[in-house]
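Trainee: Okay, handing you the structure first.
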Amino acid sequence: MEALKKKVKEDGVVIGEKILKVDGFLNHQIDAVLMYDIGETFYEQFKDQGITKILTVEASGIAPAIMAAYRFEVPCLFAKKAKPSTLADGFYQTDIHSFTKNKTNRVIISEEFLGENDRVLIIDDFLANGDAALGLNRLVEQAGAETVGIGIVVEKSFQQGRKRLEEAGLKVSSLCQVASLQGNQVTLVGEGEENA
Ligand code: 5GP
């Protein structure tokens, strides 16, 4: 995903040493063509796995997730952060700590849309410490369904997310890996090695 890596390098704004702001193409304004390519890439990686549902959490995961769902021709389901009055009963729920907002949200999905025959690809915009993906996996477990993999747009490899997900037995595929945000600089995994 060279186009994604280029965008992350050129448009990403480093906040502190741990947060990358990508409001120009992913988290506020959305680059639809790039999202389409992201969906296509996840499709190529998981197309033989019998995926029946794409699962994400609102709001930032929805753009890449819906493009993947379009490509797989399966529904895109997103966990909601507030229980609407229209959702009377029959839902799965779990608490997820937000790394960027430093608060815990209860997220829910209706039982109607996830069941034991589902093979789920979880998609999210970022992987930091893995709380969001682990929380979504708990919802899958509550439904008796199976998480086939976790597709991440931007992985911050200097945080614990991949380790925690892999320890939980989950397969992680990320399209862009950030090695460091130190010195106000986005350094990608593997960057510069070709010149070493
Ligand atoms: P985790 O749950 O893996 O610790 O963090 C992932 C979640 O937090 C994602 O859903 C994403 O919305 C948010 N997040 C974590 N790190 C970043 C970051 O550096 N930039 C942005 N924009 N969101 C992040």
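Backbone N, Cα and C define each Cβ position, glycine as well.
Automatic, uncurated: that is what TrEMBL annotation is.
Pulled these from TrEMBL:
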- L20, N27, K156: xanthine binding site (BINDING)
- 40-163: domain 'Phosphoribosyltransferase' (DOMAIN)
- A128, N129, G130, D131, A132: 5-phospho-alpha-D-ribose 1-diphosphate binding site (BINDING)
Trainee: Given a separation of at least six residues and a C-beta threshold under 8 Å, show me what packs close to K156 (xanthine binding site) in the same chain.
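Mentor: Long-range Cβ contacts: K18, L20, F126, L127, A128, V178, L181.
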Trainee: Helix, strand, coil residue numbers for the domain 'Phosphoribosyltransferase' (40-163) per DSSP?
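Mentor: Helix, strand and coil residues of the domain 'Phosphoribosyltransferase' (40-163) number 36 helix, 46 strand, 42 coil.
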Trainee: Please state whether DSSP places N27 (xanthine binding site) in a helix, a strand or coil.
Mentor: helix
Trainee: Measure from the CA atom of N27 (xanthine binding site) to the CA atom of G130 (5-phospho-alpha-D-ribose 1-diphosphate binding site) and give the result in Å, rounded to a whole number.
Mentor: 18
Trainee: To the nearest whole angstrom, what is the C-alpha distance linking D131 (5-phospho-alpha-D-ribose 1-diphosphate binding site) and N27 (xanthine binding site)?
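Mentor: So the Cα of N27 (xanthine binding site) lies 18 Å away from that of D131 (5-phospho-alpha-D-ribose 1-diphosphate binding site).
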Trainee: Within 10 Å of its Cβ, which one of these binding-site residues (L20, A128, A132) has the largest number of other Cβ atoms?
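Mentor: Within the set of binding-site residues, the most crowded position is A132.
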Trainee: Counting across all protein chains present, how many other Cβ atoms fall within 10 Å of the Cβ of N27 (xanthine binding site)?
Mentor: 16
Trainee: Apart from A128, N129, G130, D131, A132, which residues in this chain have a Cβ no more than 8 Å from the mean position of the Cβ atoms of those residues at the 5-phospho-alpha-D-ribose 1-diphosphate site?
Mentor: H97, F99, L127, A133, L134, Q159, Q160, G161, R164
Trainee: List every residue in the same chain as N129 (5-phospho-alpha-D-ribose 1-diphosphate binding site), at least 6 positions away in sequence, whose Cβ is under 8 Å from its Cβ.
Mentor: F99, Q159, Q160, G161, R164
